[in-house]
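Input: a single structure, listed below in structure tokens.
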């Protein structure tokens, strides 16, 4: 078999339609059980609990009857970094090469047995998508039987994060190899959160492949590091040039505005420019 | 750290970084070797015995 | 009791008094060792760090001790490489302080990492693009330089010096010291700088991020410069404290004033550069990322604009003015004020570049995160202080640390 990505690198990414998200948390639950994410007896302190996928609640800050709420699921953004060269904020700072950028898939990996727990990557990530194992994982009696054999559980003292369910990609590739196929079909590699979302808010696929839904939804601009050309789509903290592979879509202007930081009056200017550009 | 490490690459970053590191280690170890060697020679030749 | 070990002609307090003092500090040390043991055995859940504060009190302590320990490399550079000979009267003290600071920094790092047994991965699997890798390499190598610089002083102990081999070794190491000191200065420029780079390269954190030259953000150069500028302040402060505790004059005023003057001019040039950097960051860098400067200093219970004022004016301009003005510098109270403000200023700068970076929210819907260290973190941070006091006390008692001591005591 020829090498899978030779000359045709994938760029796996996610599109989340915030207008469809109801904030039910299915994606979080699916993620935790799929990836053997440990939990504590008391999970009330959200600053030291591990949630690879976390749903944030945003409000428009207005009072009744104008108040509006938006739920924003936040997985790891798998940033391409400045210029989309793979120097993600976290990858570029890890001293022991324990987190790496895969140019064949665009996925930012985390090598648990390599990480020695300095936590520099957590400081570098503006999305708080990285988590430290402050404790050894402890499963309630009998629950070890339910752990996924495809994902290694993590020990105390290392950092972990969303992997875009990379083990599913490996399984899909293995299957394709057995069936003597060169490619993995769109539906063969889907993340657990995508499949669990009851309202179909999450779409996953190859951003480089025009046939994939994610590409069609956001129409990424290859000349601008994948910036969405769909005016209703945005990426979190676009201005920092982290170039995430997770896109959000919303019809609501205040939601799109909440995706980044703007000085007074800047948003209006940026909006005008964007509308002009699309005319 | 060494070319047999998995992460090693023959690029400018590795040359400069590890070049600087090995250069420093060599200077320090040569310096200390000289000190110890000269001290042995001095001591054998009877220097520094009754300086007080 | 231990008089045979005490340098000839030096007056030291009776052994029981000394031993009592060491025992008192030793209790604090043991408290710290206990907390350190807890962190190693039970893990970092013993701290109040969390996923927002991956870097916290320890990393600040690390950066702070390295900054104030900068007196060792800078004084070494001035003495051995640039040939300012008067500084031989304070260099031993600077080296001992440097040794204490750097060994403490390495100890703190060993506690701070989640998997201490894998600490060597940073060398073996090094990512040469990471500032932290540069820190680890230069820090360990410079620590070996400091050990090399410390050895001759230990060999000068009255009893050790009687052994011809040690006497000769000490002499030969002194001869080669310029090479070691120059290597130390080279390493220090890089690790002080890369510690600044640790924060400056974080382009996902607009509060910390700075543009720069080639691969080095401006904080790289600011950290090196500030360590060279403020390090001597700490050397002077410790000298003053030792003189206060022993109730003896140990270093002549001309030496103190010379180092104070050099430190003053270094702080002056540093603070000018820091002000330019801050203005550029306020006017260009932060707005280009969607932040106005007050976003970093409002909406929280602790970090107000006062911290910027305290760092630049109280910890920078004020000590700079005092130290470069002959009249103020030679007034002992003003001098003391300036070196205290200087030490606090550089520690505050390191605090801001570690803790405030973690506190500031970046996503528009995120919130400020404040943190209070646990007792285990505090104890392990005090541990190096206790260790430093004990090592310094031993060095003062048994080693000829102050070459001018004898002369000054007979003058009296």
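Every residue gets a Cβ built from N, Cα and C, even glycine.
Heads up, TrEMBL stuff is auto-annotated, nobody curated it.
The model shown is predicted, which means the values in this text are computed figures rather than measured ones.
Residues or ranges marked as transmembrane segment by TrEMBL: C:15-37, C:57-78, C:90-111, C:131-155, C:176-203, C:215-238, C:258-283, C:303-323, C:335-358, C:378-399.
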Contact ranking winner - C:131-155, C:258-283, C:378-399 against the transmembrane segment (C:176-203), Cβ under 8 Å = C:131-155
Could you give the residue numbers and ranges of same-chain residues that sit at least 6 residues beyond the transmembrane segment (C:378-399) on either side and whose C-beta is under 8 angstroms from one of its C-beta atoms?
-> 2, 5-7, 12, 18, 21-22, 25-26, 28-29, 31-36, 39, 57-58, 61, 65, 92, 96-97, 99-101, 103-104, 107-108, 111, 153-154, 156-157, 238, 242, 246
Beyond the flanks of the transmembrane segment (C:131-155) by 6 or more, those residues with Cβ under 8 Å of it = 66, 72-73, 76, 92, 95-96, 98-99, 102-103, 105-106, 109, 122-123, 161, 166-167, 169-170, 173-174, 177, 180-181, 183-184, 187-188, 190-191, 194-195, 197-198, 201, 395, 399-401
